[in-house]
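As structure tokens, the structure follows; a few thoughts come after it.
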Amino acid sequence: MQLGVNVDHVATLRNLRGTTYPSIVELANIAVEHGADFITVHLREDRRHVRDDDLYALKKHVNVPINLEMAATEEMLAIAKELSPEFVCLVPEKREEVTTESGLDTKLLYDTRLFIISELQRHGIKVTLFLDPSEEDIACAKRMNVDKIELHVGAYCISRAPQELEMITRAAQLVHEAGMICHAGHGIDYECAAAISKVKHITAINVGHFLVCEAITQGMGNAVRKMKDIITS
């Protein structure tokens with residue numbers, strides 16, 4: 001199983017004081033040195049953490065794939081086409097939310113998203129949709145011809161309820177049967193990672209806030225190495 005490390009909240013710490021530290025590139029490279037297979041960043045419309053220049057610095061100075069999370073807007077499409085990250089993950093976005101609250105509703109803005117997906121793929125970028133573990137949304141994603149699905153596993157990470165893990169397991173099977181690659185993300189800590197890593201057909205997880213918090217006491221390298229050891233054991 002692969003590990004994507006989201007470095008958004010490294011930028012959050014930096015932006016709180018308007019400084020140049022901590023360096024998002026330095027922390028990303030530490031994560032890579034200790035087992036991260038790719039680096040994830042979410043460029044929000046309000047630029048509350050990662051900024052445009054961070055994307056280009058990461059693309060230039062980090063030697064693993066960049067996974068750009070973004071809303072399905074013309075502005076973000078233009079940025080993605082110029083940056084040319086290896087992967088783009090389309091996510092829902094609300095200005096008032098603290099973090100992404102749910103997966104995409106695939107029925108909303110269907111034509112707009114379909115256009116953006118086709119444009120990204122035309123530029124050689126693999127496209128992921130961030131979805132709740134819903135059979136209806138997975139079927140819609142298949143019709144949209146995306147490459148991957150990232151399952152929103154936040155409900156399980158909060159509740160640790162067996163039925164939530166069963167929903168994730170079933171959704172991962174549906175993604176696989178539809179011919180798409182399945183990832184998972186949102187709210188994952190060490191304990192959740194151990195359970196999710198055992199789910200068949202999930203090939204990667206994205207972890208951000210938890211690892212940045214762990215890095216404060218344990219160091220980014222140690223936190224990433226522990227997470228990678230858990231999901232590959």
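Every residue gets a Cβ built from N, Cα and C, even glycine.
Listed features, source Swiss-Prot:
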type	residues	note
ACT_SITE	His42	active site, proton acceptor
ACT_SITE	Glu69	active site, proton acceptor
ACT_SITE	His186	active site, proton donor
BINDING	Asn6, Arg17, Gly187, Gly208, His209	3-amino-2-oxopropyl phosphate binding site
BINDING	Asp8, His9, Arg44, His49, Thr99	1-deoxy-D-xylulose 5-phosphate binding site
SITE	Glu150	site 'Transition state stabilizer'
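All features noted in Swiss-Prot, drawn onto the structure.
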residue : record                                      : DSSP class
Asp8    : 1-deoxy-D-xylulose 5-phosphate binding site : helix
His42   : active site, proton acceptor                : strand
His49   : 1-deoxy-D-xylulose 5-phosphate binding site : coil
Glu69   : active site, proton acceptor                : strand
Glu150  : site 'Transition state stabilizer'          : strand
Gly187  : 3-amino-2-oxopropyl phosphate binding site  : coil
Gly208  : 3-amino-2-oxopropyl phosphate binding site  : coil
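Proximity to His9 (1-deoxy-D-xylulose 5-phosphate binding site), judged by a C-alpha distance within 10 Å, picks out none of the recorded positions Glu69, His186, Gly187. In this record, 3-amino-2-oxopropyl phosphate is bound by Asn6, Arg17, Gly187, Gly208, His209; the longest C-alpha to C-alpha distance in that set is 26 Å. With respect to their backbone Cα atoms, Arg17 (3-amino-2-oxopropyl phosphate binding site) and His42 (active site, proton acceptor) stand 20 Å from each other. His42 (active site, proton acceptor) and Gly187 (3-amino-2-oxopropyl phosphate binding site) are 15 Å apart (CA-CA, integer value). A separation of roughly 11 Å, to the nearest angstrom, links the Cα atoms of Glu69 (active site, proton acceptor) and Glu150 (site 'Transition state stabilizer'). Among the recorded positions Arg44, Glu150, His186, the ones whose Cα sits within 10 Å of the Cα of Gly208 (3-amino-2-oxopropyl phosphate binding site) are His186, in sequence order.
Proximity note: of the listed recorded positions (Asn6, Asp8, His186), Asn6, Asp8 have a CA within 10 Å of the CA of His42 (active site, proton acceptor), given in sequence order. Proximity of Asp8 (1-deoxy-D-xylulose 5-phosphate binding site) to non-local residues of its own chain (separation of 6 or more, Cβ distance below 8 Å) is seen for Thr40, Val41, His42, His49, Val50, Gly208, His209, given in sequence order.
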